[in-house]
Amino acid sequence: MKFAQSRETLRSGEGALSVVHMEKLYLQTAKKIDHLPQIDTIMFNNKKNNYLLKIGAGVFFCTSILYSLINYYDERLFESTDKIGDLDSVYSVIFFILLIAPVFEELVFRGYFLKNKIFIFIFYLGVALSIWMTGTYYSLILLLIIGLLEFGLKIKKHSRIMFFLNALLFSLVHYKISEFTNLYSIVPVFFQFSLGLILIWIAINYNLYKSMLFHFCINFFIIGSLIAALQFPDSNIEVIQHDETVLTFQKSPIFSSKNGITTNSEITSNGSTIREFANTAKVPKNNYSINDSLRFFRYNLKIKNTKGGKIESKEAENILRKAKLIE
């Protein structure tokens, strides 16, 4: 009996000690957790102009939601034509977007905020060159305003107005004024604007190499999505007839072999772009444009005259327009 009581007492004592030990362990752990740096502290401690990152991320998030809603309602609202000039080769586009754009745009736009004065010269010369290459001549007005503020009114580069004007200029040089066909077409500009703010924050808090790397990652994601869409397209066969001419076409994987046959009454081309096919059919280049949503796809196309007659370039142009492959 005494042995049983002693054992029960020992168990009670062990239980009490266990509770005390757990309380001490909890307090020690809580104290350690309390001293761990918070996420916002890690990101923003000793960083300059954190509002750029917060506003940029907020604008990007809101624009993404708005873009998705509008695009779901009517995807044609965001269609544009010939924004990338004559870069029909997807390899040229990959090289330009992944390598040239991140380096050039970071040196020009974000380099402006670095201490080395050579970047001021690079900014004005580089932006002028970008405007000339993209045909966004209306952006010159904003460039002149920035120059007036900097040299005329002596506004510092690291002021809020210069940050936002720089990001706005960065976004506008990506779009010709002719692309703003309606109110909805302005929405994509906010993507570049938000990205511009985030890249400025990275450049002034870290360095230009970090902003180039971030820019590369963003473009890599875009290119990856593009290549996936091009390699696995909708392969439905469509048939269009215009008078005596019949056009049969379907999308094909971008990484596929090219071949074709041309006779007086038939033009067949497999694995070609719309522009390549139009050139084969001798459609004058100045007579048409190709929507950006179609220009990089590869197609299997065939134009045939049902009566065996010669296919004229005008007939080919008309049926391609009817198929909405060119505009």
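For all residues, glycine too, the Cβ spot is worked out from N, Cα and C.
TrEMBL labels come from automatic prediction, so no person has curated them.
Here is what TrEMBL says about this protein:
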type: TRANSMEM; residues: 51-70; note: transmembrane segment
type: TRANSMEM; residues: 90-109; note: transmembrane segment
type: DOMAIN; residues: 92-221; note: domain 'CAAX prenyl protease 2/Lysostaphin resistance protein A-like'
type: TRANSMEM; residues: 121-149; note: transmembrane segment
type: TRANSMEM; residues: 161-177; note: transmembrane segment
type: TRANSMEM; residues: 184-206; note: transmembrane segment
type: TRANSMEM; residues: 212-232; note: transmembrane segment
Among 51-70, 90-109, 212-232, the most Cβ pairs under 8 Å with the transmembrane segment (184-206) come from 51-70
Residues in the domain 'CAAX prenyl protease 2/Lysostaphin resistance protein A-like' (92-221) per DSSP class, helix first, strand next, coil last, are 106 helix, 0 strand, 24 coil
When pLDDT is averaged across the domain 'CAAX prenyl protease 2/Lysostaphin resistance protein A-like' (92-221), the result is 93
